[in-house]
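**Student:** According to Swiss-Prot, the record shows the following:
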- H173, H175, D186: Zn(2+) binding site (BINDING)
- 102-224: domain 'MPN' (DOMAIN)
- 173-186: motif 'JAMM motif' (MOTIF)
Amino acid sequence: MYSIKTDHKLMPRERLIRLGPEKLSNQELLAILLRTGNKEKHVLELSAYLLSSLDSLADLKKFSLQELQRLSGIGKVKAIEIKAMLELADRIQIAGQAVAAPVLSSAQVAEKMMIELGDKQQEHLVAIYLDSQNKIIEEKTIFIGTVRKSIAEPREILYYACKNMATSLIVVHNHPSGLTKPSANDYHFTEKIKRSCDYLGLICLDHIIVSKHGYYSFREKSDLF
């Protein structure tokens, strides 16, 4: 059996070349990303230490840059590389879920966006632009900020709608608290964006609030649509 204590000659990179990435352990894959260890730990020992600080592999996403840097052997550069890897993995997953089929329901959009935004610790507002066949032209992040800051203005959303020559759009934002119940500001914003779309001849199909575990659709549950 492969052992980091007895076999440093056959390193993870060589094992990946010889056996393929699917044969490597989480420890070995992480060691490839970390590249080097430090004076106290070999890179495989460092990756094992990092993984031992997690309840599950998914918890790695929850570490901020600062929290990663506080772990022994993980400096600023390694922390940045880990965060970049996690973000890229998220984007690859999202891109893989994109289909050419038309958007048929709010639930379909909500399921996708729960995966994309559910774990975000800041509020993200995303506009999804569709053509006349309800196929997605572009998904655009309009706003990233804290819950204390006001949400994006409709003009920012409409600018990209015109740029994409969209027929309709869906607005989605997350609640970092995990609660999807809309606030008074959410209602006000929904009214504003719907009026603005009506004025320009665009169709606002829905405004959806998501968290990791659920969603709220203004089209499904309010009288605004």
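A Cβ is built for glycine as well, from the same backbone N, Cα and C atoms used for every other residue.
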**Student:** According to DSSP, how is the motif 'JAMM motif' (173-186) divided among helix, strand and coil residues?
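**Tutor:** The counts are 3 helix, 2 strand, 9 coil.
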**Student:** Within the domain 'MPN' (102-224), how many residues are helix, strand or coil going by DSSP?
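**Tutor:** Reading the DSSP string over the domain 'MPN' (102-224) gives 43 helix, 36 strand, 44 coil.
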**Student:** What is the total of other Cβ atoms whose distance to the Cβ of H173 (Zn(2+) binding site) is within 10 Å?
**Tutor:** 22
**Student:** As a test of the contact definition, list every same-chain residue at least 6 positions from D186 (Zn(2+) binding site) whose Cβ is closer than 8 Å to its Cβ.
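**Tutor:** Sequence-distant Cβ neighbours: H207, I209.
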